[in-house]
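Annotated in TrEMBL:
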- 167-252: domain 'DUF6534' (DOMAIN)
- 20-37: transmembrane segment (TRANSMEM)
- 49-66: transmembrane segment (TRANSMEM)
- 86-108: transmembrane segment (TRANSMEM)
- 120-141: transmembrane segment (TRANSMEM)
- 161-182: transmembrane segment (TRANSMEM)
- 202-222: transmembrane segment (TRANSMEM)
- 228-249: transmembrane segment (TRANSMEM)
Amino acid sequence: MSGSIPAYATTSGPLLLGYLFNWGLLGVLSVQVYLYYLAFPSDRRLTKLLVAGIYVLELIQTILMTHDAFGTYATHFGDAAFLDNIQLLPLSIPIISGPVSCAVQMHYGYLLYKLSGSRLLGSVVAFFAVIQCSAALVQGVQAFVLNNLSELATKAFVSETVWLSGSLMCDILIACGMTYVLWKKDTRLPVTHAIITKLVRIVVETGCLTAVTAVIQLVLLVAFPKKLYFACVGFALSKFYSNSLLAILNSRIRIEGVHTDPAVQMMGGSSLAFYGKPPTSERGAASPCASALKIDHNAGSYVVDVHVRHHTEMWDVRDEEISKAVDDVGTP
């Protein structure tokens, strides 16, 4: 008995891994969506609709992929010829993944526009988002016409390359643009610096995750055009975008009892929690929110919870832009 890998394993293996990654990331996304609606019931309706729409699309995608996985590994188990059957993959992958990633990238593009005030920057991100989404839809149509996996990577090579390259360019623009804009707004004051540092870290981490995912899929596609190795990552690509969006939105959640030096942590709704020394007369709360200010004394430390109303300024002039930036992260 030979110890070599059977020929069909190079097809069935990547497909199986892709299905597993997709199922696992849907579980992560479900938890994030639950936490989002639990923690931020007062977010703008558009943001909540965006999250709901993306989750519904991701759920439909996983259901379709489960149908395909059952057909490959249950109904037609042992049928090597059936592995080449494309089934519903054109619908579940490019036709759903393209719009999902486009919606997430558009959200980031809008944030860039709001934070920087530059229509050009937001428009460039939107342009690449539309390009990659269009290429994904074209690739989906081509896949339906071909109706087999063995020819997909070669005959739909151009559309898939444009799709992945557009996504990669968009992710790089978002990560670099958001980092630059946020650092420009940093006043180096302890309060604002803590917020900026946290936002930059999250933006870079999530942006790098989606960019690296697109790069891996593109490299596997170019290096092994006649194999389905790219499916390992491609089946889960949209889930990475969805989870990155929810990671940004949920970054405002504050975990009670977890804080270090005097800093600012974002929390649910439109409220901020300041940890450290009690407020002085120079930077006290504005009078319209004086009733919302609570100071607890515990072993010499102070916790000040300031619940910010929509049109109440809680920051001085130097911090006004940062306050708006924080609010814009969760409310496009």
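Cβ coordinates are placed from backbone N, Cα and C, and glycine is handled just like the others.
Please treat TrEMBL annotations as automatic predictions, because they have not gone through curation.
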Exercise for review: Find the member of 20-37, 49-66, 120-141, 161-182, 202-222 that has more C-beta pairs under 8 Å to the transmembrane segment (228-249) than any other listed stretch.
Suggested key: 202-222
**Study point:** Three-state composition of the domain 'DUF6534' (167-252), taking helix and strand from DSSP
**Key:** 70 helix, 0 strand, 16 coil
Review point. What is the pLDDT of the domain 'DUF6534' (167-252) when averaged and given as a whole number?
Key: 86
